[in-house]
Amino acid sequence: MKTLSQLVFNNTYSELPTTFGTAVIPQPLSDPFLVSVNPQVAEMLELDPLEAKTRLFINSFTGNKELAGTAPLAMKYTGHQFGHYNPDLGDGRGLLLGEVLTSTNAKWDIHLKGSGKTPYSRQGDGRAVLRSSIREYLGSAALNGLGIKTTHALALLGSTTLVSREKMERGATLIRVAESHLRFGHFEYLFYTHQHSELKLLADYLIKHHFPDLLTTESEQEDKQTASPNQHHNIYASMLTRIVELTAQLIAGWQSVGFAHGVMNTDNMSVLGLTFDYGPFGFLDDYNPDYICNHSDYSGRYAFNQQPSIALWNLSALGYALTPLIDKEDVDAILNRYHLTLQRDYSARMRNKLGLIEKREEDTVLFSSLFELLQSQMVDYTLFFRTLSSISATDLSVTSLPNSIERFDDLFTCTQPLEKWLKAYAVRLSFENDTSEKNGDTLRLTQMKLHNPKYILRNYLAQQAIDKAEDGDFTMIDELLQVLSSPFDEHLEFNQFADKPPYWGKKLEISCSS
């Protein structure tokens, strides 16, 4: 493990032309201190997590000391927000400090959120507050623990600097780590400002650093100089195809775990299919497909059940921005593959949650009838699947079924519809080759528990951690970090974090304010 000063920076993005961003020096926070560090993320960077406690670390990531090797940059991008194009976007409260290169040649962006004003801050103060920073810190750990691609947060730092929001709050910084911070909006910016040469340059950059397998062999690269324009376009079509696939896989993951992003603007969409920008996000408590986690989303544009279609809308916006590089007919053909990838990945995830190995056509009926059941009974989505993970094939037999149904008593107001669905589920399980044997069924249940988490970041838990942190107690942040980093494990000492939310906990309203 390395010390902070031993990290190797290779800042490729800052070497791009100045139209891609503006060099900015972070503005200092007063009396900074460490709130929490994520050891898993530190390990990704080959950084000793104990470094986070040093004054060098704390000062370097709160604008009080320049970190050697970094080249702070506010990235310029635009995007569609709630369906409307906004040309005045960019890093308004954060800076790309640089890119850390590990011993395995993995490259990680280091981004400082809450670093102060930039040319893209508009009327904002460029700051982040402790409240929203805690949510992103824990939210990214939760998605990563669930096996869904996301940005990461290395550490969270607090200060005595006061920031004006609905009330005066403590300023904070979050050290965000990601494979890339490139958004759909980066390409939209270059397209709508008619910088087509730079658009091609950015596409080439993305392919070189993140999709190198799309590149041809060295000899074929030399032949590119004489290739026809249409031949040259093929690699950009392959790039868009990859982005469509990654986005579809991401949305399948979100829908399977009940995650609602809340503000799926194109400037919040990662070209690498990462969960990006944790604002008013939320996880389903009771299963409600119409769930709106952002109280500013009056029309429900970004409701939970709208996420698959919105992702395609966003991909269409990206595809349009790439038309200087890809024929429109090719863009349309690539976009048409989205639903197939989404359905394939989502169905696979749902079969895993139900302990089904074989793919059968009637599975869609089993899925839809289950969702109708959960919605009609307002059943807790996560607790249902976790409980189901302890129900063996034998438990579903005629003689054992009544006892099995009792395990769901706390989740259902009426168990008759549940009994009907469980009988259909038992029939479906009978088609699985290994459930007839005890060992095979035990293995199935073990696998189910690896796909049905015991712990998710419920809004009320995040709020409790925030309330304690604002009083100077960061214990709950670290406790939640522990269970969310491995949410499929039992963590018996933290059973209370797996409970159904209290009534007030289901009614929390989350805004974009950060």
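Glycine residues also receive a Cβ, built from the backbone N, Cα and C atoms like all the rest.
Feature annotation from Swiss-Prot assigns active site, proton acceptor to D267; the stated evidence is sequence analysis. Taken residue by residue with DSSP, D267 (active site, proton acceptor) is part of a helix. Taking the Cβ of D267 (active site, proton acceptor) as centre and 10 Å as the limit, one finds 22 other Cβ atoms among all the protein chains shown.
The annotation ATP binding site is assigned in Swiss-Prot to G90, G92, R93, K113, D125, G126, R176, R183, D277. Just so you know, the Cβ of D125 (ATP binding site) picks up 16 other Cβ atoms within 10 Å once every protein chain is counted.
The Mg(2+) binding site feature in Swiss-Prot is assigned to N268, D277. Its Cβ taken as reference, N268 (Mg(2+) binding site) is surrounded by 20 other Cβ atoms within 10 Å in the chains shown.
In three-state terms derived from DSSP, R176 (ATP binding site) belongs to an extended strand segment.
The binding-site residues listed here are R93, R176; among them, R176 has the most other Cβ atoms within 10 Å of its own Cβ. Geometry remark: G90 (ATP binding site) versus N268 (Mg(2+) binding site), CA distance 11 Å.
Just so you know, the Cβ of G90 (ATP binding site) picks up 23 other Cβ atoms within 10 Å once every protein chain is counted. Mapped onto three states, the DSSP output places R93 (ATP binding site) in coil.
Non-local contacts of D277 (ATP binding site) by the CB criterion (under 8 A, 6+ apart in sequence, same chain) comprise V263, N268. Geometry remark: R176 (ATP binding site) versus D267 (active site, proton acceptor), CA distance 16 Å.
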